Amino acid sequence: MKVTVNTLQQMAAEGQKIAMLTCYDASFASLLDEAGVDILLIGDSLGMVMQGEESTLPVSMPEMEYHTRCVARGAKRALVLADMPFGSYQENPAQAFANAARLMQAGAHMVKIEGGAFMAETVRFLVERGVPVCAHIGLTPQFVNAFGGYKVQGRSESDAERILADARALTDAGASLVLMECVPAVLAKAVTEAVAVPTIGIGGGLDVSGQVLVLYDVLGVYPGKKARFVKNFMAEAHSIQGAVNAYVAAVKGKTFPAPEHCF
Ligand code: KIV
Ligand code: NA
């Protein structure tokens, strides 16, 4: 059975953890799908891991469409989630819809946008027009220049309150999924309890509906700086299949993330 927005909702309600990984091509899509990964994210992290860029900002719409098409061809069961790249949705809801439609036509089942409550109007515009949305909050890498680096978000009480309000506004607007990156585990837990949709964490602790990592971090092939929340599952595996199976099992069995991966 194909994973849909309803499957994700049901998994979260039943306390079954959602396993998500980034994916950029058809062969890995097929392998990840076979291993039981529930969501394949065509992340704009491809700018860093595939293209060697220093941030996700240079990634273009044609590049995202190309990789989304590749992944969609290899996915059978998994839900295909595509990132909207920097500059493709921030202007206004109409711009966001035009570009989201291109990703949906390339095979995405949902799109992901970064930003807080100020993106709620755009989320509503997309959702009302048939585009499910994952809201990415906390450390939003497209804001790296505004943040002055990749830093944990929501450490102070006021920041934590703002992130909680962001999650509420975005889900009130119709977001189907909330992804939180690099936030204290207590905040990820509070957001998960506050919203009615599943939450996905990356560096957000165990008390969320599911986990995501960048595939190249899971396989230990990314040469750049390794974030604290990353785990190389290849270190103890004998094959790529083995590493991905171990990741899925660790997410489902709640042994990943461990305390050393959390803030
Ligand atoms: O682009 C990406 O890979 C992401 C994940 C890190 C969540 O957005
Ligand atoms: Na991304």
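For all residues, glycine too, the Cβ spot is worked out from N, Cα and C.
Automated prediction, rather than curation, is the source of TrEMBL annotations.
Taken from TrEMBL, the feature active site, proton acceptor applies to Glu181. As annotated by TrEMBL, 3-methyl-2-oxobutanoate binding site applies to Asp44, Ser45, Asp83, Lys112. Among the features that TrEMBL reports, Mg(2+) binding site is placed at Asp44, Asp83, Glu114.
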In the same chain, outside Asp44, Ser45, Asp83, Lys112, whose C-beta lies within 8 angstroms of the Cβ mean position for the 3-methyl-2-oxobutanoate site?
Thr22, Leu41, Ile42, Gly43, Leu46, Thr56, Val59, Met64, Ala82, Met84, Pro85, His136
Asp44, Ser45, Asp83, Lys112 bind 3-methyl-2-oxobutanoate per the record; greatest CA separation between any two, in Å, is 12
When you measure from each Cβ to the nearest atom of ligand 2, which of the recorded positions Asp44, Asp83, Glu114, Glu181 fall under 6 angstroms?
Asp44, Asp83
Euclidean distance between Cα atoms of Lys112 (3-methyl-2-oxobutanoate binding site) and the residue listed as 'active site, proton acceptor', Å
13
Counting across all protein chains shown, how many other Cβ atoms sit within 10 Å of the Cβ of Asp83 (3-methyl-2-oxobutanoate binding site)?
29
